[in-house]
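K.L.:
Straight from TrEMBL, here's the annotation block:
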- 234-265: coiled coil (COILED)
- 201-253: domain 'HAMP' (DOMAIN)
- 258-328: domain 'PAS' (DOMAIN)
- 322-379: domain 'PAC' (DOMAIN)
- 383-603: domain 'Histidine kinase' (DOMAIN)
- 15-35: transmembrane segment (TRANSMEM)
- 177-200: transmembrane segment (TRANSMEM)
Amino acid sequence: MKNKVRFYRSVNFKIALTFILILFISIEIIGAYFIRGLERSMIENYKDSMDTQAETLSGTIGTYLSRQDVDPADINNEIQRILDSSDSADILEMRVVDEKGIIRATTDVNDRSSIGKKSIDSYIDQFTDKSFIALDETTGNRVLINIRVLESVGDVVIGSLYIRGDLEKQYQEISNIALIFVSATLIAIGIAIVVSMLVARSITQPIGEMREQALRIAKGDYSHTVDIKARDELGQLAETFNQLAERIEETQEAMEAERNRLNSVLTYMTDGVIATDRRGRVIMINEMALSLLNLKQEESIGESILKLLDLEEEYTLRALLENTEEMLLERSSNVSHMERLILRVDFSMIRRESGFISGLVAVLHDVTEQEKTEQERRDFVSNVSHELRTPLTSMRSYIEALHDGAWKDEEIAPHFLEVTLEETDRMIRMINDLLSLSKMDSGNAQLQLEFVNFNNLVNFVLDRFDMMVTNTEKDYKIQREFTKRDLWLEIDTDRIIQVIDNIMNNAIKYSPDGGTVTVRLIETHNHVILSISDQGMGIPRSDLAKVFDRFYRVDKARARQQGGTGLGLAISRDVLKAHGGSIWAESREHYGSTFFISLPYEPYEEEWWD
Ligand code: ADP
């Protein structure tokens, strides 16, 4: 993220460079004008002063030169004297030439010998006033040449004055000044660099800080604020930046809270929820859905929902979106693969306001239990109808026979009536059983709990059976093996008696003549267990658990013949369940069966009674 800006691309550099360039250009322009002006005025001044000097000299020398009364040699001496007296350092040579071109005097010490000879400089002979810059032929230096015409009183030309001034000195001075200018420029630029750097830094530093802040915000760190150093535009920007960070933090927190809330709602939902994107790929799946589908988070995110639900072959995503609102799926349970899990899946689309479909939400409900209950209910209704139809049909055929004239037959008629009575009894029993079952089912069966001595209770039931043995056609013997301790239990006496009755009846019913029924009563540390064993036909292993189901009978014909309804054990199971106890059976075919009931028991109560 933190890529460094190259120095020459930085705002720092650009500001400094602009600053320096502007400075440099302005100094250059000013310098050029200044030096040009300086040069012109210096040369002009020099020229003017030379002009004045020439003017004065030419007057004086002209007067001397026009004198006829003096010896020419004296005149020459006088002129030489005048020239020498007005000679100065910046004048290279002053020379006087007469109208014939003869040199009369010169300040050039090395050229004194040329006095009295004809001058060879062509421009001296022209006898016109002029002033111009020329290059010295011998030295190559720039020189200013001033020529003045010497006149006598009647404006007659009598010679000329020639002055050669040294310009190099002036130029030297100008270049000295220019040099000062250049060095001043360099110093100014140096200072400008430092100043511009400082200025640029004062601009870029807050910007850099704001960039850092932006990077931190992007990473989700809101703890820093930008220092506000100045009350300028950058200061305002920094302030806005801090406010922005605050706002983002608030929004972020609000969103986070919202997301957490949504997450916890989804996590603790008892339904499975799967959300997908537009293409049906899973983007969210909650814990419940994972456990219902027996999947792991990693393997489901990004996977197609059709694949997760095993619908690839039957449905396309389009079909799912367009038609299906609800469907039932069967899955093997994650606990044991034998058990089937039935899931109801509701689909709904996620639509934007524009109507664009942006995804799909599937809600999964575990309806296994519901479906099972539903199936049981259907089975139950069909069983009940079937069970009632059988006795009714048989009764109808007997009554029909009686109606057709059998009632006159004194031998048959009582028997037929007896059978119909038996069938009616059986139906009443069955309907009573069904009623008590339905009471249990709807939870209306309030237990009439009382504290009883369980040993006495069992004895009481068994005594009745002992009494009955003489009245029934079957012979049997009851053997009691009880614990010595008295067991006090809080139970609904009538119902528990009903259970023991039922098991005892079965034990006698499904045993051959002359069998022994052994009844044992034992206690564990928190349960009382009553077992009733017979020496009867036994129950096949595969039927052992099913005998507690409603209407289940191992041998239907035989059971019915015995007058059984197939509801006794089912009722027993419900009664024990209501007591917090349980019932189960063990059996060996052809050797006998043992039914166990267990009831919760708290042993210390006995001591408490003592
Ligand atoms: P039923 O009224 O038919 O006896 P139950 O619910 O009491 O109904 O018993 C269900 C079935 O369990 C019986 O039909 C019978 O096949 C079997 N069964 C119950 N007790 C015994 C037993 N002691 N020995 C053999 N089979 C038994």
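Note: Cβ is positioned from N, Cα and C throughout, glycine not excepted.
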K.L.:
Can you count helix, strand and coil residues in the domain 'PAS' (258-328) using DSSP?
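P.N.:
Within the domain 'PAS' (258-328) the tally stands at 32 helix, 14 strand, 25 coil.
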K.L.:
If you average the pLDDT over the domain 'PAS' (258-328), what number do you get?
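P.N.:
Residues in the domain 'PAS' (258-328) carry a mean pLDDT of 87 in this prediction.
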K.L.:
For the domain 'HAMP' (201-253), what are the DSSP-based totals of helix, strand and coil residues?
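P.N.:
Per-class counts: 40 helix, 0 strand, 13 coil.
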